[in-house]
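If you check TrEMBL, you get these features:
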type	residues	note
TRANSMEM	6-26	transmembrane segment
TRANSMEM	46-70	transmembrane segment
TRANSMEM	90-118	transmembrane segment
TRANSMEM	138-159	transmembrane segment
TRANSMEM	179-200	transmembrane segment
TRANSMEM	276-304	transmembrane segment
TRANSMEM	324-356	transmembrane segment
TRANSMEM	368-388	transmembrane segment
TRANSMEM	408-431	transmembrane segment
TRANSMEM	443-463	transmembrane segment
Amino acid sequence: HKGPDPTSAICFLLFAVLYIVSYCIITRYKRKTDDQEDEDAVVNRISLYMCTFTLAMSGGAVLLLPFSIISNEILLSFPRNYYIQWLNGSLIHGLWNLVSLFSNLCLFVLMPFAYFFLESEGFAGSKKGIKSRVLETFVMLFLLGLLILGIVWVASALIDNDAASMESLYDLWEFYLPYLYSCISLMGGLLLLMCTPVGLSRMFTVMGQLLVKPTILEDLDEQIYCVTLQEEALQRRLNGSSQTCSTNTLKPQDKNIQSVKIKLQRKKASAWEKNLLYPIVMLILLTGTTISVLLVALNILYLLVDETAMPKGSTDRGLGNTSLSTFGVVQAVVEIVLMFYLMVSSVVGFYSLRVFEGLTPRKDDTTMTTIIGCCVSILVLSSALPVMSRTLGITRFDLLGDFGRFNWLGNFYIVLSYNLLFAVVTTLCLVRKFTSAIREELLKALGNIFIFIYSCSLVFSVLL
């Protein structure tokens, strides 16, 4: 007797976890409003739910390849284990198809609806209310759909002036939406190509701000003591000053002194954090970036000599038959870590570009319009991540579902140019980032590590 198929329940549980996490993230950055239950509050809440759904789909797209790779390795290691019978090819293919379907839904329906719904006021002369705003939103969506359909039809006619290809555009579901999503994926791939190298170099700066850098020949206690004296002197002047003009002049100085004091106190971290953690994190980032560039360089060589290196889709529903990693589980783990690293770097690079600085979310002070823009951007980046990972040769796992049916994946010149541009731009960004001053600082930090280890060994030798 065959039990019920648990695929639907597993997909629902995974989606529920992603939805809860996405809701917590968005509410952390969303601007706080009053609890008054008016029309705008209802509109904001509906838009919030749509943004949460979109962000959950973005998380699902990011997890597709890692989940598939680790599932394949688990089934190879435990092929007949009773407790992992639910992990099969049907589940993996179902996840890829669902993420593809709902990513299209979010990108072409939910996010435009949420934006137009927020901006709508109802038609002139009609009765104000939710119904009027919903009607206006649907009309705007219909007009937007006609506009995009016309643009894609004209572009297809210009690129491929073939009667059969133009007639196929009349088939909305079978050709138009996959073709449009293929164009969006290409745009997402180009956006990743632009953001990821910038993010890879920017990650060193971000981690340098989060961690405490090693201090060499610097007396922090004396600096903190001097700043404290300045703060006390300025506080006495503020207490003794009765004129408003003088007080307004001294207050900015007080804020600057307090900020300097906070930075100095932050530098008084433990020795292991300054002398061990900071250099180790920097070396991990440098190693991850170097491995990514080397893998792309190797993939370029494979593309030139082997046709099987081209990214392609797979319809084989079997899973756990062969390992796609030369070194087994170790290589699979490295591939997964690199994928997450590239995704984080692409998001950091996206918000580092001047064009998209306005979309940077701020805690408890981000408007719903900005949140919609962020969700759309992250959805485009995350949907292109599996395609980019396979195109760059980070993994050999074939793309499943609609992700493997993009037209441009079969073009050798596009794939080769994509790999060359990624390798060259990433290398240039790293060379520009690592100036002689940064290299010297890293060498000094490494010297501190050896000094710290040598001191510890001396202490232990004395104690023993």
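Just so it is clear, glycine is given a Cβ too, placed from its N, Cα and C backbone atoms.
Contact between the transmembrane segment (46-70) and the transmembrane segment (368-388) is supported: at least 3 Cβ pairs lie under 8 Å, counting only residues 6 or more apart in sequence. Contact check: the transmembrane segment (276-304) against the transmembrane segment (90-118) gives fewer than three Cβ pairs closer than 8 Å, residues 6 or more apart, which falls short of the contact criterion. Scored on C-beta pairs under 8 angstroms, the neighbour of the transmembrane segment (179-200) with the top count among 6-26, 90-118, 368-388, 408-431 is 368-388. Packing against the transmembrane segment (90-118) from elsewhere in the chain are residues 5, 7, 10-11, 14, 43-44, 46-47, 50-51, 53-54, 57, 60-61, 64, 67-68, 71, 133-134, 136-137, 140-141, 144, 177, 180-181, 184, 317, 319, 368-369, 372, 375-376, 379-380, 383, 400-403: each is 6 or more residues past its ends and has a CB under 8 Å from a CB in it. Residues 48, 51-53, 55-60, 86, 90-91, 94-95, 98, 371 of the same chain lie 6+ residues outside the transmembrane segment (6-26) yet bring a C-beta within less than 8 angstroms of a C-beta in it.
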